[in-house]
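Participant: The substrate binding site annotation in TrEMBL covers Met51, Gly200. Annotation source TrEMBL lists ATP binding site at Asn127, Ser173.
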Amino acid sequence: MTDEIEATGEALARSLAEVREAEPLVQQLTNEVTKNDLANVTLSWGALPVMADAPGEAPEMAELAGAILLNTGRMTESNVDALHAAGKAANGLDVPVVLDPVGAGTTPTRKEVHTSLLEEVEFDVINGNYGEITHLAGEEADVKGVESVGEYEEVTGSARALAETTGAVVVASGVEDVVAGSDRVYRVRAGDEMLSKVVGTGCMLGATLAAFSGGLEDGLSAALHGTLAYGLAGEHATDLEYNGPASYSVNLLDSIAGFTPGVAEELDPTDRIERVT
Ligand SMILES: Nc1ncnc2c1ncn2[C@@H]1O[C@H](COP(=O)(O)OP(=O)(O)OP(=O)(O)O)[C@@H](O)[C@H]1O
Ligand SMILES: Cc1ncsc1CCO
Ligand SMILES: [Mg+2]
């Protein structure tokens, strides 16, 4: 691992190119609300999506994958079984595993599912909104359905605490994103308020983090550059023709597809990332 992660346009371009060259197979177990968007986001970063989520086949596919995403938005018994089985199979072969703990803390069922997943599966990345991350860190949090509500002034500390207890890189998404490894924490300022007006943009960040984890060697660089690239794509999407949130969501997909290494090279995103600890 390099001492400090570069946040230049050139460094971001190298990461984007590495994902495209590796073209990792990214298996995603996710909710029905966002499945199609996640598959397209994955393809647009240059990775290959496969949404294999049946309990019998999911662990078989995980053994073939370059990375897997476990999004807990769908709480059916068979999906929960598949999440466990795929996560364990991936751990057995050192395939990176990303957890998106959708709605963590809201119901007894979700509390139990997240507790058992964290006990039984080792995660490389955990990405959730401020409320979900704060809840998983063992602190008081207010999650309404799948939305983070309330104030989270201590989210940097919560993300770091969760990174320390789980060994995962933790990404807490919100107005600014926090990317926490065990020994350092960054804040990423990229994105646009429109990202909060479309359902599933946090889930799409999860797909992005899985694609970058499958393509890059270093997990913290993958999380930091994936979060930065996604936020910048979300900003650029506001330059495209806008007719309301639905057109923004299409523009977001187009913006990700157009975010090539050549585009990244021309940017100077150094002031978007601040190391805070
Ligand atoms: N006000 C904002 N300004 C800039 N970026 C934002 C804002 N709100 C959210 N984002 C960005 O939107 C993305 C999704 O974050 P959010 O915290 O809303 O996820 P979420 O609640 O898990 O979403 P979902 O459950 O709908 O998938 C992140 O990339 C985050 O940086
Ligand atoms: C709205 C919703 N409900 C379960 S999953 C999901 C997608 C956003 O997280
Ligand atoms: Mg989410």
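Including glycine, each Cβ sits where the backbone N, Cα and C put it.
Unlike curated entries, TrEMBL annotations are predicted automatically.
The model shown is predicted, which means the values in this text are computed figures rather than measured ones.
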Participant: Under 6 Å from ligand 2 by C-beta, which of these binding-site residues make it: Met51, Asn127, Ser173, Gly200? Sequence order, please.
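Facilitator: Once distances to ligand 2 are taken from each Cβ, Gly200 fall under 6 Å.
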Participant: Do any residues at least six apart in sequence from Gly200 (substrate binding site), in the same chain, have a Cβ closer than 8 Å to its Cβ, and if so which, in order?
Facilitator: Val33, Thr34, Asp37, Leu38
Participant: Here are the binding-site residues: Asn127, Ser173. Which has the lowest count of other Cβ atoms within 10 Å?
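Facilitator: Taking Asn127, Ser173 as the binding-site residues, the minimal 10 Å Cβ count falls on Ser173.
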Participant: Do you know offhand how many angstrom separate Met51 (substrate binding site) and Asn127 (ATP binding site) by C-alpha?
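Facilitator: Counting only the Cα atoms, the answer is 19 Å.
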Participant: Filter the binding-site residues Asn127, Ser173, Gly200 down to those with CB closer than 6 A to an atom of ligand 1; keep them in sequence order.
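Facilitator: Cβ under 6 Å from ligand 1: Ser173, Gly200.
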Participant: Per DSSP, to which secondary structure element type does Gly200 (substrate binding site) belong, with helix, strand and coil as the options?
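Facilitator: DSSP call for Gly200 (substrate binding site): coil, neither helix nor strand.
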